Structure formats: C-alpha cells, structure tokens
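**Student:** Sharing a structure, written as structure tokens. Questions coming.
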Amino acid sequence: MQVKNTEELRRELIELLSEMDVVQRGKFILSSGRESDYYVDIKRAVTEPAVLDVIARLIADAAGEVDRIAGPALGAVPIATAVSLYSRKPLLMIRKEKKGYGTSKLIEGDLQKGDRVAVVEDVTTTGGSLLKAVRAIQENGGIVEKAFVIVDREEGAVDEFKREGITLIPLLSVSDFNHS
C-alpha cells in the first residue's frame with residue numbers, strides 16, 4: 001500500500017468533497033446567524049467512510065502528541081471518532097449544553113486534568129461554536145493547543161483562535177472550492 005503525503009491527501013479530500021457538492025450556492029442562514037450566499041454542507045460527507053478515512057489520517061498525523069481527541073456535537077462527533085480510531089487516542093464528545101437529566105455532563109469521555117486535547121470541527125466561520133467547546137475542555141482541566149477544522153469559511157476563525165493562543169488548522173478552506 002502506497003503511503004500518501006499530506007498534499008496528496010488534501011487533494012484527495014478536495015476531490016471527494018467536490019464530487020459530493022458540499023459547497024452549495026443559494027441563500028442560507030449560518031449557525032452564527034449570518035446570511036450567506038453559500039453553505040458548506042459537510043454533514044453528509046462525514047457519513048462516508050472514504051471521506052472519514054482521509055480526514056482521520058490528515059488530522060492524526062498533524063495532531064502530534066495529544067492524550068484525547070474531542071469533537072463538539074453533532075457534526076464533529078463522526079470526525080472525532082474517526083480520528084480517535086486512527087490515532088488510537090480516546091474520544092471526548094462535547095455537548096452544546098449540559099443535559100438536564102442523568103449525569104448532566106457537558107463532556108462525555110474521560111478527561112483528566114492536564115490532558116492535552118486536539119479538538120476537531122466540521123466547518124468554521126467565526127470559530128465561536130468551536131471556541132465554546134475548547135473553553136468547556138479548558139474549564140474541566142484539559143489543555144488545548146491545536147484545533148482542526150475540515151473546511152474554514154475564511155471569515156475570521158483562524159485569527160480568533162490565534163488571539164486565544166490556540167492554533168486552528170484548517171484541512172481545507174472554502175477558497176479550495178471556488179473553481180466550482
């Protein structure tokens with residue numbers, strides 16, 4: 001089996017996502033509340049094993065020395081699961097808010113104080129949703145130095161993370177799809 005380098009994997013991911021028409025044109029409301037003339041519909045793509053395989057390899061190779069892989073619900077959970085399986089690092093799932101029943105946990109999984117955590121997300125615009133997950137990890141004793149996103153919309157998330165002292169690493173940016 002041929003080992004692919006990072007650039008080959010990136011090209012493969014662009015091709016897979018382009019074939020699935022993940023960038024849709026029209027009028028959309030984003031999770032940030034903003035209007036947009038395009039939408040990055042990655043949810044369907046991350047249900048495909050071939051897509052998850054490429055994503056997991058790219059993130060696991062770039063994550064370096066971490067103790068846990070985390071993903072905010074719902075969109076990032078399949079991504080975090082794939083990276084966890086590929087890297088053999090335990091998984092954390094971050095809820096949007098605490099449950100009002102059962103254990104009332106915000107974080108599912110075994111997060112220990114001082115654990116180094118790589119956080120993954122499907123799409124970022126401003127980075128607000130992902131930063132909320134990062135803060136939940138930090139408030140529970142985890143250390144986040146790197147976060148990964150499959151597609152960055154290039155609307156400020158990378159800079160916002162930089163201000164927080166965290167490196168946000170987009171696997172792809174929306175400009176990678178502008179030819180479509």
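Every residue, even glycine, has its Cβ placed from backbone N, Cα and C.
From a predicted model like this one, the values you see are computed outputs, not experimental measurements.
This is the feature table in Swiss-Prot:
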- Arg95, Lys96, Lys99, Glu121, Asp122, Val123, Thr124, Thr125, Thr126, Gly127, Gly128, Ser129: 5-phospho-alpha-D-ribose 1-diphosphate binding site (BINDING)
- Thr125, Arg153: orotate binding site (BINDING)
**Student:** Which residues does Thr124 (5-phospho-alpha-D-ribose 1-diphosphate binding site) neighbour through Cβ under 8 Å, counting only same-chain ones at least six apart?
**Tutor:** Leu130, Val149, Val151, Asp152, Arg153, Ala157, Leu168, Pro170
**Student:** Tell me whether Arg153 (orotate binding site) sits in a helix, a strand or coil according to DSSP.
**Tutor:** coil
**Student:** Does DSSP put Thr126 (5-phospho-alpha-D-ribose 1-diphosphate binding site) in a helix, in a strand, or in coil?
**Tutor:** coil
**Student:** At 10 angstroms around each C-beta, which of the binding-site residues Arg95, Arg153 has the fewest other C-beta atoms nearby?
**Tutor:** Arg95
**Student:** Given a separation of at least six residues and a C-beta threshold under 8 Å, show me what packs close to Thr126 (5-phospho-alpha-D-ribose 1-diphosphate binding site) in the same chain.
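**Tutor:** Non-local contacts for Thr126 (5-phospho-alpha-D-ribose 1-diphosphate binding site): Ser32, Glu155, Gly156, Ala157, Glu160.
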**Student:** In Å, rounded, how far does the Cα of Arg95 (5-phospho-alpha-D-ribose 1-diphosphate binding site) sit from the Cα of Thr125 (orotate binding site)?
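**Tutor:** With distance taken Cα to Cα, Thr125 (orotate binding site) is 19 Å from Arg95 (5-phospho-alpha-D-ribose 1-diphosphate binding site).
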**Student:** Please list, in sequence order, the residues in the chain of Asp122 (5-phospho-alpha-D-ribose 1-diphosphate binding site) that are at least six apart in sequence and whose C-beta is under 8 Å away from its C-beta.
**Tutor:** Ile42, Lys43, Val46, Gly75, Ala76, Ile79, Val149, Ile150, Val151
**Student:** Per 10 Å Cβ neighbour count, which of the binding-site residues Thr125, Gly128 ranks highest?
**Tutor:** Thr125
**Student:** For Arg95 (5-phospho-alpha-D-ribose 1-diphosphate binding site), name the DSSP secondary structure in the helix/strand/coil scheme.
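**Tutor:** The three-state answer is coil.
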